[in-house]
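Asker: Okay, these came from TrEMBL:
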type	residues	note
ACT_SITE	A:50	active site
ACT_SITE	A:122	active site
BINDING	A:46, A:119, A:122	Mg(2+) binding site
DOMAIN	A:4-133	domain 'RNase III'
DOMAIN	A:159-228	domain 'DRBM'
């Protein structure tokens with residue numbers, strides 16, 4: 001079994017046009033070093049795959065969360081179709097080992113560079129879409145991406161500090177202030193505590209492994225308070 | 001014939017679920033003024049429609065221009081799926097008259113506000129996608145949008161000044177300077193002439209109806225010069 005057969009088995013799809021799959025894994029640095037072979041790099045497929053991902057993820061969110069506001073869906077989509085998430089998906093299916101890289105890029109550590117890996121995930125989606133259609137992409141995401149969305153992990157990237165500001169400033173000018181109350185634990189396992197003060201009144205407290213996370217949690221708590229009062 | 005029948009005739013599609021079409025044309029200000037009617041605004045459909053547009057336009061560009069680089073496709077897509085273009089499309093099918101607006105928003109001129117009109121175009125695309133599938137969207141765009149792409153009008157939005165800077169700065173530090181050489185013609189039909197000077201050498205001249213356009217044309221001319229020399 002050669003590497004392309006192995007890759008197809010791993011993703012669960014047979015490509016009619018194997019060149020599409022190969023192009024998806026071909027970095028421009030490899031093309032530049034093999035000019036006589038008349039290869040294509042993966043950049044055009046990445047352009048297409050990005051749009052395919054945007055739509056399939058949007059469609060999933062739209063149907064899965066019928067009551068979610070547009071603003072939150074937009075934030076969730078951005079948290080799913082972004083470099084760190086795409087790198088994670090690419091790693092789940094071991095895409096890194098199949099990438100065709102130029103020697104210079106290889107030496108420079110390109111194979112594990114997040115931006116490069118995220119691009120390859122998108123170009124693979126573009127190739128799968130062209131070769132097998134959008135339903136195949138959806139089936140692939142049903143295995144790899146949608147279960148992860150269902151865990152709620154991408155909800156946590158919602159920016160509660162911004163949300164709180166939007167909510168309390170609807171009615172009147174208010175002053176929102178965050179204080180770090182303290183930190184506990186050893187260096188490798190710190191916990192911070194924060195509070196949010198709205199017009200002089202403590203509306204929420206929260207803890208987190210970073211100051212930022214503690215403030216986010218305080219803001220989330222305050223939002224629940226404010227919405228209950230309203 | 002009521003307004004919704006008229007609208008369906010105008011766009012050339014019968015909706016199975018007419019509520020989807022109505023929601024696409026319902027601004028949040030209208031929902032806020034009709035709370036007892038339990039209406040939905042068009043924001044979620046806009047979220048979905050935006051992604052549908054991105055993919056259908058990307059797919060069209062990918063197939064129509066098999067040799068176009070990813071960077072240029074990205075620029076063209078951005079020039080097509082952007083507020084001014086979407087407003088133009090919405091006006092071609094007279095969407096403005098069907099929008100359901102709150103009284104305050106109506107008084108404030110919301111019906112002709114570009115951002116609002118562009119949103120409605122996207123939410124309509126979202127509704128058409130949900131009701132009739134992506135093929136229906138493509139058929140709609142084949143009438144309204146794709147012929148416009150074929151005229152080459154969106155190619156002209158490529159920013160030649162930026163391109164020139166990228167090209168000449170690859171090798172060394174250079175100074176790029178633009179001069180307006182003069183203007184001719186009456187107020188309603190002015191023409192400007194510009195030149196671009198790279199490290200003291202005039203590389204291109206161009207004319208245009210605005211200073212900006214004259215500079216762009218000068219830059220385009222310079223790019224052709226530079227690439228020919230290389």
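Backbone N, Cα and C define each Cβ position, glycine as well.
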Asker: What recorded positions from A:46, A:119, A:122 have a chain B Cβ less than 8 Å from their own Cβ?
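Answerer: Sorted by position along the sequence, the hits are A:46.
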Asker: For the domain 'RNase III' (A:4-133), would you mind checking the mean pLDDT of the predicted model?
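Answerer: Reported value for the domain 'RNase III' (A:4-133) is a mean pLDDT of 94.
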Asker: Using a 10 Å radius around each Cβ and counting other Cβ atoms from all shown chains, which of the recorded positions A:46, A:122 yields the largest count?
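Answerer: Neighbour-count leader: A:122.
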Asker: Over the span of the domain 'RNase III' (A:4-133), count residues by DSSP class, listing helix, strand and coil in order.
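Answerer: The composition, in the requested order, is 98 helix, 2 strand, 30 coil.
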Asker: Cβ-Cβ under 8 Å from residue A:50 (active site), same chain, 6 or more residues apart: which ones?
Answerer: A:81, A:122, A:125, A:126
Asker: Tally of helix, strand and coil residues over the domain 'DRBM' (A:159-228) according to DSSP?
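Answerer: Split into helix, strand and coil, the domain 'DRBM' (A:159-228) gives 30 helix, 25 strand, 15 coil.
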Asker: With every protein chain in view, how many other Cβ atoms are within 10 Å of the Cβ of residue A:119 (Mg(2+) binding site)?
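Answerer: Other Cβ atoms within 10 Å of residue A:119 (Mg(2+) binding site): 25.
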